[in-house]
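Q: First the structure, which I've put down as structure tokens, then a few questions once you've had a look.
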Amino acid sequence: MPSQSRRASFPKVVIERDADSEESSSEEEVEDDDVQTEEEEEEVAEEPENVVKVEVVSGSKKRERAPITISLKKVCKVCKKTGHEAGFKGATYIDCPMKPCFLCKMPGHTTMTCPHRVATEYGVIPAPHKSTYNSLNYIFARQLRPNIPRIKPAFVIPDQVNCAVIRYHSRRVTCLEFHPTNNNILLSGDKKGQLGVWDFGKVYEKTVYGNVHGCILNNMKFNPTNDGAIYSASSDGTISCTDLETGISLSLMNLNPDGWQGPSSWRMLYGLAINTEKSLVLVADNFGYLYVVDVRSNNKLGDSILIHKKGSKVVGLQCNPVQPDLLLSCGNDHFARIWDMRRLEAGSSLYNLSHKRVVNSAYFSPHSGSKILTTSQDNRLRVWDSIFGELDSPSREIVHSHDFNRHLTPFRAEWDPKDPSESLVVIGRYISENYNGAALHPIDFIDISTGQLVAEVMDSNITTISPVNKLHPREDVLATGSSRSLFIWKPKENFEIEQPRDEKKIILCGKAEKKLKKKLEGDSDDDFDDDAFSSKGKKPKTKKPYSKSILCKSKSKC
DNA sequence: AGGCCATGAAGCC
DNA sequence: TGGCTTCCCTGGCC
């Protein structure tokens, strides 16, 4: 932001006094810049809530004087100090300059001027071969490189909403999974423990199974030997195996057989992984322990093993796609850890990948299994280029806004399983951007080999944050879970061949559905699409995206 | 429209 | 270690 406009947003203190009052008191610590000029007096009149009346007593003379009115026009909501203001200005959020940068967490600047915001790859450590430049590299670069085609294929970005189910779940979506063989089936878990099965090819074929878990469905994975069943781990302390046709669940393990005995004993399951070679389901809890279940016998194998700091949540588990005995875990003790499943015991991890904050997710790359990608609450994606190489520090750290944990499902950067170069990942963005007057939260596609932002996708009608994203294993399709709704994105070119843009397939659920039905009964001219997308029906009646005034009304906190 | 609340980590003592 | 406060660009409901 130019310094001019930033200065203009700074607050002003006004001192008003009666005409007969004498010279100003020296006790008032008001900078010249902050004294309101006459032209701005009208503005003050509009904001009477900020007016503070102060009795000024000069020296020992306790003379009756008219009260001096000080208008504290702007008080920062973040640091509670005057002299500046933080919050929305239209669709743009202004940071508190007294706090470290909201994006990169470094002091001295705000998000607006953060170098990571200007260039997403700022500060990314270059690949090692670039820093060891020798004559051979020189010859290669000059003579050979121009003849070598780009190894990386062009990324295909699903950037248009193709279909959606609005308010499908009764609570926010926590995880998504594509069916391993049926290209059009998307599974979704929610905070209530329910499981959604949606055929987005047929659009209207959708079910939500309500009795899968008692509370948050944290993670799920398909049964590798039966793609009609899915395993899920929940904060109710159970692992369920649910039949997708009937919705009937079988409980594999229950960590709270005696029910609620207080928070200190209630165990919740977060991470879930499957070792296909050994037919094992692995889960981890909120106290740092790992449990192994043999799915052939449904028996728990051995004792639970402490794999993270005692008492800390283990939020992610994954078996290496090439070498299933390699296990990757991550959790709230700020570590991602690599284990050899053949000798699993407390403290026996092969490597500990340290982070500055909680680690939301850690994944091996989908094909070679040799890279590791983590998402941490310190607003950084970390990449380790090879698990066979140096693991003491990550190969790359990419600053990206995703540090919101409370109230939202944690953000997790997900690999594109179709990318042979294992460099494209998708992750939702927390911080909003101003898109033609609308504050939207895009979904980012990042090339983790360079840190560059390949694409940011958004729809003017999706105003909620989209922390849950999954790329299709075979098709150019992105699935998004945003609040209680699901969205399917496809590339624009495919989309236009398939159907015209105004024939989006949108389904409404719950109250929104009832509201629409009522509306349609009363007024058949109502535009379906407009209301279908809008969660609160606050959209303007025009076909255009949000007008600034509408957005300011609903979003601005000025 | 405004208030409330679910909810969780970090930091302090 | 444990209890308390703070954080303060959420989303949904009443």
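Every residue gets a Cβ built from N, Cα and C, even glycine.
According to TrEMBL, the record shows the following:
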{"type": "REGION", "residues": "A:1-49", "note": "region 'Disordered'"}
{"type": "COMPBIAS", "residues": "A:19-49", "note": "compositional bias 'Acidic residues'"}
{"type": "REPEAT", "residues": "A:166-199", "note": "repeat 'WD'"}
{"type": "REPEAT", "residues": "A:352-385", "note": "repeat 'WD'"}
{"type": "REGION", "residues": "A:517-558", "note": "region 'Disordered'"}
{"type": "COMPBIAS", "residues": "A:523-532", "note": "compositional bias 'Acidic residues'"}
{"type": "COMPBIAS", "residues": "A:536-546", "note": "compositional bias 'Basic residues'"}
{"type": "COMPBIAS", "residues": "A:547-558", "note": "compositional bias 'Low complexity'"}
Q: Provide the three-state DSSP residue tally for the repeat 'WD' (A:352-385): helix first, then strand, then coil.
A: 0 helix, 19 strand, 15 coil
Q: Could you count the residues of the repeat 'WD' (A:166-199) that DSSP puts in helix, in strand and in coil?
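A: Output for the repeat 'WD' (A:166-199) reads 0 helix, 18 strand, 16 coil.
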Q: Looking at the repeat 'WD' (A:352-385) alone, can you tell me the average pLDDT?
A: 97
